Amino acid sequence: MKQNHTSAIDRFDLFTLVFDILISIVGGIIVNRLIPILKEKFIRAQLWGYDLNKRNSREVKIAESQGVIAAGIFLILMFIMIAIVFSEHLHPLSDFPHNKFIEYLAALLSICCMVLLGFADDVLDLRWSVKLMLPLIASLPLLLVYFANYHSTTIILPKPVRPLLGHQWNLGILYYVYMSMVSVFCTNAINILAGVNGLEVGQSIVIASSILMFNLIELQGSCSEEHLFSLYFMIPFIGCTFPILLRNWCPAQIFVGDTLCYFSGMTFAVVGILGHFSKTMLLFFIPQIANFLLSIPQLFHFIPCPRHRLPRLNPELNKLNPSEVEFKKKDLKPLGWLMLRFFSAIKFVRYREYKMHDNEVMIATTNFTIINTVLCWTGPLHEATLTRILLLIQIIFGTALPFFIRYYLVKFFYES
Ligand code: UD1
Ligand code: MG
């Protein structure tokens, strides 16, 4: 690892990367072996759920929170990696890079904290307001290290607005608010784009692969150290979560739990913030941003939000239909009505009105998630096909489009 910013990686970095890849493969194999052994224990500890979109859904108990196995092995791999990354500096005459070391420790502390809170959520089924607060607490170590090491809260403005607003802005404390919002968003955004087998972990792996590709491209650039830092996290992440995807794929043998959603979200937030590419990283979340915006009416209760918004199975066809929520029209506030009309006009939800026998007017609308939107557009789909389409959307809008924006469009907005 280098002390100063240099443009290329040296032989020691290359060795570290190869080592990282090797232990990630070993980590993946260990996770794969551990799942069958541990999942029975999880079920015995009452950590299980029904797979709601299967014909025999009430007959099979499926182990929940299996993401904690991936997270546990990931943390162990990262502890080993720290020793390797810093081994170059263990010589007594060497100048030990304490700042960098603290960055690694804070990153792991934040991730570790989030895994613990995610597991607590799985066990205790926490309220939404509490769920939102958890990442805020877990991101504190990260923000402190950012404060101590960088302290830079200036952003460069895009070219079109420069004549009006100037070349750059110092956001000050707002920059810290922005960073904690990134953590809150990343963790919860994955959790609310969920409900069909393979989706939570599938989207996490696509996002991690996008970050990995971005880091590899940027390794030649002037901030190679930050991108190396991110690579050291992303490679074991993919290694440890891949076996989870294999077993969570339809028909699921395990569920990932909120643990995995929070673990992935926090890992991405950590590398985005400490690697100084949080804006590019948010581009990899375009589908999640769309899903969050679409979810706002239900998350903030302008429209009733049921416990589960996942699609509903049509048992005869063994295909999924969009799930619906029903409520009295007179209970809908004007803002809720406006949101319903807006999203229905752009065809993201479908609603119908009908009368009860007591002449009460009712509204039935599809739930506000892009999972249901896809089903509105395509008609009934098999669960695995739906997951494939959603992952394809992730690859097109969360990988291809961001790279186009980052390496092509950005020229027109930032470079002179
Ligand atoms: C979030 C979503 C909720 C969605 C749920 C599915 C919001 C506000 N919340 O809630 O709409 O229904 O995730 O994960 O958008 N399950 C399946 N098949 C799957 C995955 C999950 O049937 O492929 C069911 C299982 O019964 C499992 C349960 O969902 O036990 C897990 O739900 P949980 O993660 O606790 O829900 P939330 O994250 O609170
Ligand atoms: Mg969940």
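The backbone N, Cα and C atoms fix where each Cβ goes, glycine too.
Quick look at what TrEMBL lists:
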- 12-31: transmembrane segment (TRANSMEM)
- 68-89: transmembrane segment (TRANSMEM)
- 101-120: transmembrane segment (TRANSMEM)
- 132-152: transmembrane segment (TRANSMEM)
- 173-195: transmembrane segment (TRANSMEM)
- 201-217: transmembrane segment (TRANSMEM)
- 229-246: transmembrane segment (TRANSMEM)
- 252-274: transmembrane segment (TRANSMEM)
- 281-303: transmembrane segment (TRANSMEM)
- 361-380: transmembrane segment (TRANSMEM)
- 386-409: transmembrane segment (TRANSMEM)
With pairs 6 or more apart in sequence, are the transmembrane segment (12-31) and the transmembrane segment (173-195) linked by at least 3 Cβ pairs under 8 Å?
no
Looking only at residues six or more beyond either end of the transmembrane segment (229-246), which have a C-beta under 8 A from one in the stretch?
16-17, 20-21, 23-25, 27-29, 31-32, 35, 66-67, 69-71, 73-74, 77-78, 81, 85, 100, 103-104, 107, 198, 201-202, 204-205, 208-209, 211-212, 215-216, 219, 254, 256, 260, 264, 267, 270-271, 274-275, 277
Residues from the same chain, set at least six apart from the ends of the transmembrane segment (101-120), whose C-beta lies under 8 A from its own:
65, 67-68, 71-72, 74-75, 78-79, 82, 85-86, 126, 134-135, 137-142, 144-145, 148-149, 183, 187, 229, 233, 257-263, 265-267, 269-271, 274
